[in-house]
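Here the structure is laid out as structure tokens; the discussion comes afterwards.
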Amino acid sequence: MSSRENPSGICKSIPKLISSFVDTFVDYSVSGIFLPQDPSSQNEILQTRFEKPERLVAIGDLHGDLEKSREAFKIAGLIDSSDRWTGGSTMVVQVGDVLDRGGEELKILYFLEKLKREAERAGGKILTMNGNHEIMNIEGDFRYVTKKGLEEFQIWADWYCLGNKMKTLCSGLDKPKDPYEGIPMSFPRMRADCFEGIRARIAALRPDGPIAKRFLTKNQTVAVVGDSVFVHGGLLAEHIEYGLERINEEVRGWINGFKGGRYAPAYCRGGNSVVWLRKFSEEMAHKCDCAALEHALSTIPGVKRMIMGHTIQDAGINGVCNDKAIRIDVGMSKGCADGLPEVLEIRRDSGVRIVTSNPLYKENLYSHVAPDSKTGLGLLVPVPKQVEVKA
């Protein structure tokens, strides 16, 4: 029977269509991106291990700076001037810390989600990870939030609540959940002009919050890609013994609000946790615990290097412990060190190299700042011509 012969079938679908339209309207108002809801992804198993791709690109901490985030993707040839995916079958791992220190955190989350979908259609893949700042924000720890960051979430909350009001006008839809349920109207020892931004941020990012559930539940906390293991801070043997898949699923369950309450699992909290560890990312190589690193790597079959963010490397992307630890946080966000974007590239046929936007390399690869004489960087890039420079 056709829809013309059975108009009731069309009528029954109208509430869902209206709900979808409202969600898309809210998304565009917040981010400038049309991003249809993708409910099926919420039920997918969070994959931990991946085969080595032909081309793998690793990107460090982004911290609320959309302009620098775009630049990092552009120098790697992953997007065009209209932010469309051009990376083909490339696999990308972004090691976390999208949140805090900048005012475009939500825009980056939408930007990454859009690119994930475009990459999948082209045969590529983008993995996003949880950093310590994602964990902190889900817990309600906003020490590193900026004024613009509060404003961005307040704008989101205004649109989100407007969307909910629009849905209540449509019979046939369940009453939307109040995102502010249980959140106090004010906070002691806090400026009154911050109240609404803080409330909006709690509403969005707490366990089972709309933004946490939609975006952050898709994040890995640990990922093994070919012969590399990715983590925001670092992995110790005890974390690996606990189980990498187990860590990913438990953190995801906590973000979804299934268990654990306000605070993250213990292995995500404290100085020796997977998102806070700095044993392998200290800028001074002699301070890195290479023995602990080698022990950890030896417990993951087939893995020969650990790639991490978390600690800003003033010298740029570099390796220590015979390149078994590669540190890729270059502090690119203007809220951090305003560093020049760099990304790590691993090709199956030609190994590891650094792609940088640093104009000094472009001017004279054999100058005093050539990579073979740059502290730390030379450990990864033995000869200058292995550095690719993009404007």
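Backbone N, Cα and C define each Cβ position, glycine as well.
From a predicted model like this one, the values you see are computed outputs, not experimental measurements.
So that you can see what the record holds, here are the features copied from Swiss-Prot:
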type	residues	note
ACT_SITE	His133	active site, proton donor
BINDING	Asp61, His63, Asp97	Mn(2+) 1 binding site
BINDING	Asp97, Asn132, His232, His295	Mn(2+) 2 binding site
When each of the recorded positions His63, His133, His232, His295 is scored by other CB atoms within 10 A, the minimum falls on His295
Count, for each of the binding-site residues Asp61, Asp97, the other C-beta atoms lying within 10 angstroms of its own C-beta, and report the residue with the smallest count. Asp97
Take the mean position of the Cβ atoms of Asp61, His63, Asp97, the recorded Mn(2+) 1 site. Which other residues of that chain put their Cβ within 8 Å of it? Gly60, Leu62, Gly64, Gly96, Val98, Leu99, Asp100, Arg101, Gly131, His133, Gly309, Asp329, Ser333, Cys336
Could you list the residues of the same chain, at least six apart in sequence, whose Cβ is under 8 A from the Cβ of Asn132 (Mn(2+) 2 binding site)? Gly96, Asp97, His232, Gly233, Cys268, Ser273, Val275, Trp276, His310
Rounded to a whole number, how many Å is the Cα of the residue listed as 'active site, proton donor' away from the Cα of Asp61 (Mn(2+) 1 binding site)? 10
